[in-house]
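Trainee: Straight out of TrEMBL:
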TRANSMEM  12-36  transmembrane segment
TRANSMEM  48-65  transmembrane segment
TRANSMEM  71-94  transmembrane segment
TRANSMEM  106-126  transmembrane segment
TRANSMEM  132-153  transmembrane segment
TRANSMEM  165-187  transmembrane segment
TRANSMEM  193-214  transmembrane segment
């Protein structure tokens with residue numbers, strides 16, 4: 001029975017669960033990008049979370065190679081690199097010129113500039129374990145920013161009282177992913193993995209609470225709109241008799 005509590009078994013279990021959940025985390029934005037593809041417009045969606053997520057996946061992938069014996073980290077972050085590249089390509093294809101240019105610049109800065117630079121700098125650390133440790137803390141710092149990147153969207157939710165740009169599915173799977181990867185890091189005694197996932201759990205849970213609060217406010221607002229629609233329509237008909245363009249939505 002001892003095998004069921006062996007640390008290596010827990011590492012493998014949480015690693016498999018982490019891969020499974022993270023797979024859905026990476027796929028959570030698919031409806032958003034399908035909407036962008038269908039409408040040929042990016043609307044008010046931003047590319048920064050996906051650029052940072054790609055950068056983070058590349059860093060963790062390299063960290064896994066440095067550390068060794070981290071096949072489960074390699075598999076999920078390889079998938080992450082591919083899917084984030086697809087998202088960014090779709091965004092660039094349909095974004096306005098200004099957003100397109102800024103996205104390309106940030107992509108070049110982070111993934112073609114900063115990433116190779118970090119590899120080059122840490123390459124000169126003579127000890128392999130020390131190199132992996134230093135790079136691990138770099139990954140930790142970037143991963144915290146990945147979880148913090150949606151804070152701009154949170155601010156928009158509070159400002160507009162709308163959860164349109166904060167999908168619940170993404171917040172839910174981010175929280176679940178943080179729990180599983182914390183377990184993986186805990187049994188590996190790897191603080192570089194544990195710390196960002198503690199932050200991710202807190203932020204993900206906060207986003208779900210925020211979603212529930214503002215989702216309810218949206219439902220109330222929709223009910224009020226439905227109840228007052230006949231009166232509003234009557235007023236618009238009267239006004240339109242004097243100004244043919246006044247009934248157009250603003």
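From the backbone N, Cα and C atoms, a Cβ is placed for every residue, glycine too.
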Trainee: What stretch of 12-36, 48-65, 71-94, 165-187, 193-214 shows the most Cβ pairs under 8 Å to the transmembrane segment (106-126)?
Mentor: 48-65
Trainee: How about the transmembrane segment (71-94) and the transmembrane segment (12-36): do they have 3 or more C-beta pairs under 8 A, pairs 6 or more apart in sequence?
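Mentor: Yes, since the transmembrane segment (71-94) and the transmembrane segment (12-36) share at least 3 Cβ pairs closer than 8 Å, they count as touching.
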